[in-house]
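Asker: Pasting a structure here, questions to come.
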Ligand code: PNS
């Protein structure tokens with residue numbers, strides 16, 4: 001069975017992440033989307049919330065599981081006996097950082113963990129969780145960035161009332 005892990009912060013999951021998840025799930029028999037419990041960052045959503053959001057957003061994909069991890073990705077992957085990590089590449093600016101992580105993971109794991117990159121679909125290339133949070137903080141429209149239930153939750157976190165965008169503006 002071909003299995004892969006898609007690690008990330010997913011704070012919150014965006015349409016860009018979901019595009020990568022969908023495509024990776026069609027390549028691998030089993031995909032585990034795993035939320036990093038990063039004690040150095042102050043996330044908008046707790047790890048448990050991010051896991052629940054991802055479960056809801058991927059419920060139509062039977063071979064996708066959602067999990068969380070702390071510490072090194074290579075240790076987590078070894079425990080799961082998985083040898084492939086998935087990462088999305090939006091633009092050349094992502095590449096240097098991602099290349100460094102991928103090479104570090106390969107070296108640290110003694111060649112056991114490889115990284116496969118999926119290039120983000122062009123319509124999502126501009127998206128990032130950070131910009132989603134910044135836009136929402138200032139009452140901006142995030143309906144084209146995240147699923148509607150996620151947009152509501154993000155607005156709730158900022159204590160804002162969520163108003164659904166008129167259909168014409170969502171198309
Ligand atoms: O969504 P993100 O924040 O860009 O994801 C980054 C992530 C989770 C893939 C990366 O930070 C990671 O794997 N962290 C776990 C710690 C680790 O293994 N570090 C070694 C590689 S430098």
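Backbone N, Cα and C define each Cβ position, glycine as well.
TrEMBL lists these features:
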DOMAIN    5-134  domain 'Cytidyltransferase-like'
BINDING   9, 41, 73, 87  substrate binding site
BINDING   9, 10, 17, 88, 89, 90, 98, 124, 125, 126, 127, 128, 129, 130  ATP binding site
SITE      17  site 'Transition state stabilizer'
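Please situate the listed features within the shown structure.
Answerer: The 10 Å shell around the Cβ of residue 73 (substrate binding site) contains 20 further Cβ atoms across the protein chains shown.
In the three-state DSSP scheme, residue 125 (ATP binding site) falls into the coil class. Residue 125 (ATP binding site) counts 14 other C-beta atoms within 10 Å of its own C-beta, drawing on all protein chains shown.
Following the DSSP three-state reduction, the secondary structure of residue 17 (ATP binding site) is helix. Other Cβ atoms within 10 Å of the Cβ of residue 17 (ATP binding site), summed over all protein chains shown, number 25.
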Asker: Measuring C-alpha to C-alpha, could you say which of the binding-site residues 9, 73, 87 are within 10 Å of residue 129 (ATP binding site)?
Answerer: 9
Asker: When you measure from the Cβ of residue 87 (substrate binding site), how many other Cβ atoms are you left with inside 10 Å?
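Answerer: Taking every protein chain into account, the count is 18.
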Asker: Going through the binding-site residues 17, 41, 73, 89, 129 in sequence order, which have a CB under 6 Å from an atom of ligand 1?
Answerer: 73
Asker: Using C-alpha atoms, which one of the binding-site residues 9, 41, 73 comes nearest to residue 89 (ATP binding site)?
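Answerer: So, spelling it out, the nearest of the binding-site residues is 9.
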Asker: Long-range same-chain neighbours of residue 41 (substrate binding site), Cβ under 8 Å, sequence gap at least 6?
Answerer: 9, 11
Asker: With every protein chain in view, what's the tally of Cβ atoms within 10 Å of the Cβ of residue 89 (ATP binding site), excluding that atom itself?
Answerer: 16
